[in-house]
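Here is the structure we will look at, set down as structure tokens.
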């Protein structure tokens, strides 16, 4: 297995199965044994060209809790991009100041481009609708944590599967494992053909549904995502689907005991707040795990663990 | 004696790019900037072809196409043949080969791709060459059919 030291993580496909498992193992260790001085003297450039709450704060907290420092910005409008500077120039310069960069950018491919502009490792915190590999790693970590394994599980991916980058990356990452996938979405928002083709090529079994009720009792993980109104050309259709794609507490009466509900958050109305207190809710733990996975990733690309 | 009629006139010295997929010759002209070539360039469109049914052909006087240039045009002529002509004789003949990475010439059809917002040399991985060529953008990672590509850059 190649070392992650010095490497950028732009796409989940940049990582082999062994490398993914290695990051998850390091996150496990950091969750149990914090390392508050591991990255002393090192600086993270937190370059968020578009707003983010969980991803940015968890990257920054991850660096701080390992003893490193953080510089950066939370809005592209305050950078030289507003003066017309290219992203390439910005990242090349920032790379001369810091040891590692976490970034989010509204344009697809921006993180790959940034990784070519600087020789410092770039961790992609989301590039448009393209990739968000740290979300995928924390999702895998969370699945393994709450079920004790990944292989052999029935996993439902639910909601906007057409445009949702988290579900695309998670499905791609799960091709490394022996799982059965269940895709639940309105017809117009089903998983794109190219992902289904990748799954077929990898020999992953998957099934397609248009109602949550058809599958909720048959799965170990129910990974729910938000359906975004702006994706719908017809707002009436959105209003209808929004109300159909809503997970309510009463739908959990016959589910498997070990079922865990995950959600990349933020939620709007697709996930009933009454579920929060049930043993099936695991989305807040999922969000917290982002911290340990990002610690593991930052420390790995800096060659410190 | 059998009499052959040439649809496109012969050249003394230069290159014949043959077996171009019908309808693509003008894209190759743009790609290789042959409109700026100082000598005769002859283009044949929709010529009958035994192997392709119909084909395009380009004859360029006074220019020897390199194998690297031939590979660049391969996406428009996956079954193309390149004949180097000296004194009316074919002195070298080779097939175009689709490279695994096509740099510069494709404009990414994804309007949200970074390559459409900053001056970047585009890179596309070629996927599968049996029948249906697919191209994946190195940056936005989207996969396109060749027919999805709406615009090409020339030199």
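Each residue, glycine too, has its Cβ placed from N, Cα and C.
What TrEMBL annotates here:
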BINDING   A:54, A:55, A:104, A:132, A:135, A:265, A:266  carbamoyl phosphate binding site
BINDING   A:83, A:165, A:226  L-aspartate binding site
DOMAIN    A:7-145  domain 'Aspartate/ornithine carbamoyltransferase carbamoyl-P binding'
DOMAIN    A:151-300  domain 'Aspartate/ornithine carbamoyltransferase Asp/Orn-binding'
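Structure coloured by features recorded in TrEMBL.
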residue	record	CB count, 10 Å
A:54	carbamoyl phosphate binding site	17
A:55	carbamoyl phosphate binding site	21
A:83	L-aspartate binding site	6
A:104	carbamoyl phosphate binding site	24
A:132	carbamoyl phosphate binding site	27
A:135	carbamoyl phosphate binding site	23
A:165	L-aspartate binding site	21
A:226	L-aspartate binding site	20
A:265	carbamoyl phosphate binding site	16
A:266	carbamoyl phosphate binding site	10
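Under DSSP, residue A:104 (carbamoyl phosphate binding site) is assigned to a strand (E or B) in the three-state scheme. When the binding-site residues A:83, A:165, A:226 are ranked by how far their Cα is from the Cα of residue A:55 (carbamoyl phosphate binding site), A:165 comes first.
Of all the binding-site residues in the record (A:83, A:165, A:226), the one with the smallest CA separation from residue A:132 (carbamoyl phosphate binding site) is A:165. Put simply, residue A:54 (carbamoyl phosphate binding site) is 15 Å from residue A:226 (L-aspartate binding site) when counted between their Cα atoms. For residue A:54 (carbamoyl phosphate binding site) paired with residue A:165 (L-aspartate binding site), the C-alpha to C-alpha distance reads 16 Å. Those residues of the chain, other than A:54, A:55, A:104, A:132, A:135, A:265, A:266, with a C-beta within 8 angstroms of the mean position of the carbamoyl phosphate site C-beta atoms are A:52, A:53, A:125, A:126, A:166, A:264, A:290. Residues A:54, A:55, A:104, A:132, A:135, A:265, A:266 are recorded as binding carbamoyl phosphate; their most distant pair of Cα atoms lies 17 Å apart. Rounded to the nearest whole angstrom, the C-alpha distance between residue A:83 (L-aspartate binding site) and residue A:104 (carbamoyl phosphate binding site) is 19. Here the C-alpha separation of residue A:165 (L-aspartate binding site) and residue A:266 (carbamoyl phosphate binding site) works out to 14 Å. Secondary structure of the domain 'Aspartate/ornithine carbamoyltransferase Asp/Orn-binding' (A:151-300) per DSSP (helix as H, G, I; strand as E, B; remaining residues coil): 71 helix, 25 strand, 54 coil.
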